Amino acid sequence: MANPSILILAGDGIGPEVMAEVKKIIGWYDAKRGITFDVSEDLVGGCAYDKHGTPLHDDTMAKAQEVDCVLLGAVGGPKYDNLDFSVKPERGLLRLRKEMDLYSNLRPAQCFDALADFSSLKKEVVAGLDIVIVRELTSGVYFGEPRGIFTEGNERVGINTQRYTESEIARVARSAFEMARRRNNKVCSMEKANVMESGILWRQVVQEIHDKEYPDVELSHMYADAGAMQLCRWPKQFDVIVTDNLFGDLLSDAAAMLTGSLGMLPSASLGAPMANGRPKALYEPVHGSAPDIAGQGKANPIACVLSFAMALRYSFDLGDEATRLEQAVEKVLAEGVRTADLMGPESGTPVSTSAMGDAIVAALDASL
Ligand code: IPM
Ligand code: MG
């Protein structure tokens, strides 16, 4: 049988730096566990634009459709701010999500014990936190038509459309209920049914899928603004949160800070099962390309490393190896190894991106 395949799209900014650490770990699995991946690499985002004049070449898109999963670093940077909207780096990522139909975006927010003191919230609020945001990823206001900047009379109008079909809501709701069944069996659905019709439909469909297919799961509904407030007030009340594309974008950044740093949060974007029964998938850190620190060896590679752990679990059925890698990260944090984002202003010298990767590899060695 062919080796499992991975397409690496490291992208822009800190993307290549954090991905270099994942490549070390892929090398470790090959050398020490006999788990060999066929790894290919290509361009996405600004670097793809620089070479091809498009943030995602058709050949890259075609490759992404063929591999077992895609690992993505980050896209974007100030250099590309003034590009036409249609070729902005982010369009490359959004095209991957849309054409691979990756409708279910899992964004776990877990607070490692070693970092509980570091969160901007009180320790008792975040210690032991373990929640998952399931964000709808291929529809809503990110993709709805009509969209654009138009002229009406003597002024311009910017238009985006929030649009959700019943089936789009139903499939991401199922994904959230399935996730809850493997965890603490609780789903909170967030929308703005008080002001948006799409929110009213969202609430109805989630409730219907629950009543028909998942009556054993505890379901609640919250307005997304109140949800943001509750996430800061007492996040441990949640287990799985399911929400739309835009609210999920905002709520997952907020949830990230509960864990201490945006540099800690991995994500999995999953679609329908492929011929091998595993979902079509793309894994990426929640953080962006961080152009302000790019190329300086300061970035925290943990979000990207933990994204690879999610790939081991969801794309390769290697749950035990995923746990091994997550525990290696936990060990390194417990030992006090810290990149700059995980430190207060006066708490010592941070390690570099690559030293953090080396420490994780050493912890993997120690796990054998
Ligand atoms: C994210 C990012 C993306 C989004 C950008 C880079 C297009 O913020 O994955 O959360 O808005 O979805
Ligand atoms: Mg975001």
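Numbers here mean position along the shown chain, with the first residue as 1.
Just so you know, glycine gets a Cβ as well, placed from its N, Cα and C.
Nobody curates TrEMBL annotations by hand; they come from automatic prediction.
The annotation domain 'Isopropylmalate dehydrogenase-like' is assigned in TrEMBL to 5-360. Residues annotated as NAD(+) binding site in TrEMBL: 77-90, 288-300. The substrate binding site feature in TrEMBL is assigned to ARG97, ARG107, ARG135, ASP225. Among the features that TrEMBL reports, site 'Important for catalysis' is placed at TYR142, LYS192. For ASP225, ASP249, ASP253, the entry in TrEMBL reads Mg(2+) binding site.
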Would you list the other residues of this chain near Mg(2+) - those whose C-beta lies within 8 angstroms of the C-beta centroid of ASP225, ASP249, ASP253 - in sequence order?
ALA224, ALA228, LEU246, PHE247, GLY248, LEU250, LEU251, SER252, ALA254
Going by Cα-Cα distance, which of the binding-site residues (GLY77, ASP81, PHE85, ASP249) sits nearest to ARG135 (substrate binding site)?
ASP249
What is the nearest of the recorded positions ARG97, TYR142, LYS192, ASP225, ASP253 to ALA290 (NAD(+) binding site), using the Cα of each?
ASP253
Where the distance is taken from Cα to Cα, which of the recorded positions ARG97, TYR142, LYS192, ASP225, ASP253 turns out closest to ALA294 (NAD(+) binding site)?
ASP253
Candidate nearest ASP249 (Mg(2+) binding site) in space, where candidates are the recorded positions ASP81, PHE85, PRO89, TYR142, ASP225 and distance is Cα-Cα:
TYR142
List those of the recorded positions PRO89, ARG97, TYR142, ASP249, LYS298 whose Cβ lies under 6 Å from any atom of ligand 1, in sequence order, or write none if there are none.
ASP249
Inter-residue Cα distance where the pair is LYS192 (site 'Important for catalysis') and ASP225 (substrate binding site), in Å:
8
Most crowded position, judged by CB atoms within 10 A, among ARG97, ARG107, ARG135, LYS192, LYS298 as recorded positions:
ARG135
Across all the protein chains here, work out how many other Cβ atoms are within 10 Å of the Cβ of ASP253 (Mg(2+) binding site).
15
Should we count any of the recorded positions PHE85, TYR142, LYS192, ASP249, ALA290, ALA294 as near ligand 2, judged by a CB under 6 A from one of its atoms, and which?
ASP249
What are the sequence-distant neighbours of TYR142 (site 'Important for catalysis'), meaning same chain, six or more residues apart, C-beta distance under 8 angstroms?
LEU94, ASN245, LEU246
